[in-house]
Every structure is written in structure tokens, then in C-alpha cells.
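See below for the structure under consideration.
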Amino acid sequence: MICILHPSTKFQPHSPYPSPLPQSSPCKSMASCKWVPPIFTVLLILLLLISSASSLTPEELAQIPVKFLDFAKRQELFDYMVGVRRKIHENPELGFEEFETSKLIRDELDQMDVRYKYPFAGTGVVGFVGSGGPPFVAIRADMDALAMQESVEWEHKSKVAGKMHACGHDAHVAMLLGAAKILQEHRQELQGTVVLVFQPAEEGGGGAKKMVDEGALENVGAIFGLHVAANHPIGSVASRSGPFFAASGFFEAVISGKGGHAAIPQHTIDPILAASYVIVSLQHLVSREANPLDSQVVTVGKFQGGGAFNVIPDSVTIGGTFRAFSKESFMHLKQRIEEVITRQASVQRCNATVLFNEKAKPFYPVVINDRDLHQHFLNVAGDLLGPRNIVERQPTMGAEDFAFYQEVIPGYFFAVGMKNESQGELESGHSPNFRVNEDVLPYGAALHVSLATRYLLENQPESTSSKGNSQDEFSSKIPLNQCGRLLKSLELKYDEQCDCWVLEPFDGSIHSVSKSLPSPSSFSAPSPSCFTSPTTYFTVPSLPKPREGRCLFGKIVVRFWKCFKPRLYSGTAKNDSNGMRPCGGDDSAKTRSGMQSPLQGQHHAEYYSAMSADERDENLKEVIFYCRKSSSTEPTEVDDDFSLPTWDDPSLNDSRPMDTQEQEELVREMEKSQAQQSRLWRVLFALLLFCFAVFLLYSICQQVLSPWELRYHAYFMEEMLSWMIISADWLAVVAYSSAIIGLLHDSKHHRQWIWYSLFTGIVLAAFWLYYMLRLPRFRWDVIWLPFGPLSGAALALYVDHLLTESSEEIRKLRGYISM
């Protein structure tokens, strides 16, 4: 018997192709199954085999794009994409006016039963296909046309005068709708959510920026976009890692003079002549001011002035674009364009007004392809088209508002070839003779689907195990009796009577009791019999019942508490004739203070001979702390005299305090141990700060050699110049270096170096926060820029304070011994 899911689950086994993706189990119970006609037997066996696979081998993963290309080349789907493309081509709409195009997209998504949100940026549509949960990946298509008159005569020529799809955006929409059909057909197999972004106003309107501002990329982890290319053969793709498209901006200038008759120019001020000088001078910006290795372009594409051939007009309007690959060059061009226009007009006795109109036509940032996504693209495109059909394309001076997406999340943009020698030459984009080779549509759709689905497969969120399967899967909480004296020597024991864990000193007195172990499904309340006072909880890894003869988790908990070294003392002291007692052999001091000796129950010589230097250091500090507390009636007073503890020797039947030589030996060992620890910790933290400094040096080199290639640099492309980034990173290196010197310097003024580092960190924090707040969206992923040097200096200052304080305690101890 063969069964499938009940039709109510919307599983679609009727596809003539086997699914290229792994599926979930196709049948959970016989109640949800129905008989299947023999015609589907082979198909269902394939589906079951795929669904039973827990993971894909590299060979199977490589076959996914090929199968999707087969899907996209089906005649039915190809005809669908061609029909959509031609409908849009016949009715072109300019930026933010794509109402009919948007309606067509929404109607198609409705027919596919794809849910979507509308509107974004006025006419934009965002669809969702898949599980509805993470991970999320977006694929994007632009929708707008150009203000051009189509010159190509064919059956589906533009029906709107002065408007034309001369850049292939109609093909982009058709590809994305074709991809939506394929994805929707396999929605049950998608291991995440694919976001379909239909964007308005790419041609100068900055539609992507508005889409981002209105939340179109919420929860999305990466985005892919494509563009048809007439200069690459069909079946090939072209792209590169790093900067791909240049930053671009618009300018418009009105040059005003004095009009008059062409026969008496001496009575006029000719704005046409002034504008001509301006245009020639603007080209000098590129040929004589720009670095030849730093690509820049200034183009004047608009020149309007006068309406009669024998009249000198009153004013002339010129306009154009300027482009560059670095923020510094881009802003330099902007400044110089304004200066050249106004000053050249002034030389010709004219006035000039220069407008950049960033609100209506925002400056486009540089398109910078993510390195990791570039490798992802190479893998997918190599499997789909073959490595030979992947072209490493040089950066282009064209602009794409896809860069606005890349300012928010990692993104990747590439070109899809559509050149076919047998069909003749194709004009490049923005030409009235531009036409699309419709054979490119299946390749674009297959690339969309393959990039998205492979991304979902390779970026699955970490699975979290469900609680309640065993005692090892929940966390226990260990409460500490706040009145208990937690000694250094602790062990964790399992109390069968109490059915709980106990933290117990080796002398047998229980001062800390654990929470009762909860059931696998829920946490039970602590057993009242296990507590004698208010408790404080801390979370540790789960604690199953120990095996016979060992307690690994007990060692973990003891290690945890050794790190924190809590100072908790009991309210009653135990009297042990063999134990150490307060200074001078005075039992009344022990009774007055109400404290138990930290070395109680062990012979002094044996105790210290069995300890390492670090343990002696810590325990002797506790002895000193104990003696200072026990030497007076008021524990807070620290001025009373005290000596080190006495020790009892039953064989001699005598009690005596430690002599001077023994005290000196202990203190010397303590000084040596403290010096070693101090040196170790200082070097460790200095090494940590050094690693940050090395990273910043790498960042500086990257910014000098490849400006704005690093993502956290590219965020500030519109707000800062390159030298500002480099200067800030150098200042951070200086801050880290000062902190390192302060940690490792041996003079008494070493802390001043750390204070210098702290003040520098404060300046850097203010600098970076100022520019981060100016970004269109606050970037939490670069919060380390303002707080990295500041926190490093603060950490160095805190570590130095702790180590210096420890040294002071030892110096005080030596002073007490010499008294």
C-alpha cells in the first residue's frame, strides 16, 4: 500500500518532476492517507526516498540547481514568464507610478496562493513563500520603466508614448514571478522562508531606500538581485566580490544671464556661452584632478536654453550625474562640481544656482558584494551553469539602488547574460533600441530559486533540544545558605534521604544545600527540610545522580565557586581541640567573633605542605581576613593588633604561635605567588588588547588599499570621509597601546598610561556615536566601534586595580609581621 498526505495539507504530488529538496515525513498516520493510483507510484517512491534522507550529500546538493533549471525551462512556465514580461513591456510605468504593474504582480501572487504585504514605498510588493520561520532570504526585482520612446518595432511595443522598459525590468519581474511559481510548488520542502521583493523606482528614485525604511527586509538574513546583460552570452553570469557598481549622484544647475537679440551680443550676457565653459571645465575634474587609478565620471546629459535660433536666452539649465567608487572621491566631486559651475559662470558675468536634490533623487552608495555570498554564488552558479560560464566582471560605473539593501544586510548582485549571436546584436540598456532575449527568463528564475533554497539549507538555525527528555536536559539551581561558611575545600554530595545535592566542606559540616532535583517535565519546589535560612540561587549545568565513586559535576561546581571565592561565614563556631584557633591562643576571641577558623580541623604544617602556592596565597588571605575580624569585639574595626593563628601539637601537649621565621617564610611564598599571578594576568589582558590593536591595523590597511570594502566601513560611506575612518582607527590603536603599556609597565606611574587610554576611549566613543546616530538606521552590529577602546581601557584599569590591591594586602601583612 502506498499513501500520501491528505489533500488538506496542500501537498502537491502531481508535479511531473521529482522534488529537488528534502521533505518532511509524507505520512504520519493511516487516517490521513488515501489510495494512490498506480500512475503516481514511481513519483511517490522518489519523494519518499528524498524525504527519508536526513542530509544531502555534496553531489545531491549540486544537483538541486540543475533540477530547478529543468523546472524553469518547462514550456508551460516559460510561456507564463514570456506572457508576463510582454504585458508589463506594453504598459511601462515610471518610478513610484507602477500601479498597474503592482496590481498585475498581486493578481499573479493571489493565483499562486502566495501571501504578500502591500504597499511598500507606494507600489512595492513583498511576498513570502515557505515555512514562515527562519532563516529568511530575499530575492529582488525592480519594476519601473524609463522616460524614453521605444524605437524597436515589434508586436508588443510600448503602448505609452515617451515611456519604455529600456533596462529589462519587465524581464526581472517575470523572472521573479516564475521563481515564485517554482518555490510555491515546493513550499512544503522549503526549510525556511523566501521573501519576494518587488521594488519600485530603481531608476533614480531610490525605491530600495524607501523599501528598507518601511521594513521590507524585516528578519531577512541576506538578499540577492540580478540584472540582464546584453554583453554576456546566454547561459552565463557575471559578477565579482567587493565593489561592483559605483556610487552615483545627480546635479542640476541654472545659469542666468541677460537675454537679447543675437545681432547685438554686446548688450547681453550670454548664459549659453557660460554653460559651454562650465561643461568643458567639468571634464577637467576627471582628466586633471582625479587619480587615474580611482575611477570617476562626470556626465552632462541635459542642456536646455532658449527657443529661437536668433535670440540669446535669459537662462540655461544643465544637468547630469557624477560617479565614483570611494566616498572620499564622490564627495570631492560633489564639492568641485558646485565650485566649477558657480565660478565659471561668474567669469562669464552670469549667476549660477546648483541643486543636488538629494531628497527627490538620493545619492546611490557603492554596491559592495559580500564575500561569503560571493562564494555561495560561485557554488550555485557553478552547479547550475558550469564554472566556465561564470565571468569575473570588472567594476562598472553604473549605479544600482540595490546598495541600500546592502547597507542593512549582506547582499549580492550579479548579471545574467542574454546575448545570442544568431539573433543579432543587442543594444545595451537605456537605449531606445534595447530589447530582451526572452530565452534568458528560465535562467534568471532558476538562479533566483537555487540561490535562495541553497542559502536556506546552509543557514539553518541551531536546533535546540526540547526539555524534559532526561535529567541531563534541564538546569538545576544550587541555593547557598546565606549564613553558611563556604570553605575553599568543598565537595558536592548527593543526599539520598533529602533527594538533593549538597555542597559540603570536608570537615563534615553542611553549610550549603541544593535544590531538590526536579522531575523531567517540570521544576519542583525545594524541599523545606533542606533549608535552614534564606537562600541565594545560582544556575549550573544539569546535575544527574552521580555514579558510584565519582562526581564529575561536583568538581565543576567546586571549580565554579573557586572562581568567585565568596566570603560567607557561619553564625556558630565549632570547637576542635586539634584545630587552629584565633590569635594568641585566646578562645574568648573565637567566641566573641562568632567565626570559624578557615583552617579548622587540619594540622598547620601538614595543611600548608599539601597546598600549592596559589592555594596558600588564597587561604592565607582568608586567615588574615579571619584574624582581623576575630581580634576585636567589633568586626568592622581594623586597627586592633593581631598575630597569625596558633597551632596545637598534641604530641607536645603545647600551644604556641608561629615564630618569626615561619611567618617570614609564608609571607615570602605569598609574595612570590602573587607576583607570578599578577604578571600572568597582566600579560594575558595585554595580549587580548594587542589582538584588538592588530585587527585595527588590518582595518586601516584595508581602508587605505580598498576603501569602503569592509562592511562596517561601508555603513559610514555617506557620512564620513576615508581619512576620518583611518584617523579614528589609528587613535584606537594608540588607546590600546597605552593600555598595554600601563598593564606591563613597572614604574609607579604605570596607571597614568591606562588613564590616557581611558580618556582616548571616551573621545572615540563620542566620535563614533555621533556618526552612528546620523545613519539612516542605527547599526547595532558595529556597537564595538564606540565602546571597544573604552571598554578595553576600563577593563585594564579594573584589572590593574585588583592586582594592585592584592599587592597592598601583602605589603600590609609584612608590616604586621614586623611589628
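Note that the numbers count up from 1, one per residue, in the order the chain is shown.
Cβ from N, Cα, C; glycine included.
Look at TrEMBL and you will find 252-344 tagged as domain 'Peptidase M20 dimerisation'.
Marked as region 'Disordered' by TrEMBL: 575-598 (among others).
The region 'Disordered' annotation in TrEMBL covers 633-660 (among others).
Residues or ranges marked as transmembrane segment by TrEMBL: 680-700 (among others).
Taken from TrEMBL, the feature transmembrane segment covers 720-741 (among others).
Counting residues 6+ beyond its ends, the transmembrane segment (753-771) has Cβ neighbours under 8 Å at 716, 719-720, 728, 731-732, 734-736, 738-739, 741-743, 745, 785-787, 789-794, 796-797, 800 in the same chain. The feature transmembrane segment is assigned by TrEMBL to 753-771 (among others).
The annotation transmembrane segment is assigned in TrEMBL to 783-803 (among others).
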Sequence-remote partners of the transmembrane segment (783-803) [C-beta within less than 8 Å, at least six residues beyond its ends]: 677-678, 681-682, 685, 689, 692, 712, 731-732, 735-736, 738-740, 742-743, 750-751, 754-755, 757-758, 760-762, 764-769, 772
Counts by DSSP class (helix H/G/I, strand E/B, coil) across the domain 'Peptidase M20 dimerisation' (252-344): 40 helix, 30 strand, 23 coil
Folded-back contacts onto the transmembrane segment (720-741), same chain, C-beta under 8 angstroms, at least six residues removed: 326-328, 331, 686, 689-690, 692-693, 696-697, 699-700, 703-704, 707-708, 713, 750, 753-754, 756-757, 760-761, 763-764, 767-768, 771, 788-789, 792-793, 796
